[in-house]
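Scroll down for the structure; my scribbles are underneath it.
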Amino acid sequence: MDTLIAQLQRQFRDYTISLYHQGFLDDQFTELKKLQDECSPDFVAEVVTLFFEDCEKLISNMARALDQAGNVDFKLVGSSVHQLKGSSSSVGAKRVKGLCITLKECCDSQNYEGCVRCLQQVDIEYKTLKAKLQDLFNLEQQIVQAGGRIPQVDI
């Protein structure tokens, strides 16, 4: 059993480090993790779940607004992307945040094609991050179920 726990913990460390090195996460995610303790063991998962629910709504709103070809409300799209950028920043979703900055620039210059292209990239990136964080949370659950402790990962 100890070997299994050690293996899962090593896998958790390696996977977490890879998420930072590949640019999916930044230091804000580390800060968020520090707020989690025994009293709130699912804190990060809950915050991230709310973030992803917010992402879906905002991306959907922006897609609908951009669907109005010839009559796009760039102000509405810009407002939604600003919200998404803030949410991304607070959970440490580095790539999503970076794409939001580019999308906001496209909105500001009323570049329709750029907005559509960027929004597609944001959608792909958020879905990729969601899957990767779900894998990370699953690893955490496996460690706890095996009787181990989630290791501290220093980046």
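The backbone N, Cα and C atoms fix where each Cβ goes, and this holds for glycine too.
Over in TrEMBL, the protein carries these features:
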type    : residues : note
DOMAIN  : 40-147   : domain 'HPt'
MOD_RES : HIS82    : phosphohistidine
Q) Long-range same-chain neighbours of the residue listed as 'phosphohistidine', Cβ under 8 Å, sequence gap at least 6? A) CYS100, LYS104
**Q.** Helix, strand and coil residues within the domain 'HPt' (40-147) as assigned by DSSP
**A.** 91 helix, 1 strand, 16 coil
Q: Within the domain 'HPt' (40-147) only, compute the mean pLDDT.
A: 96
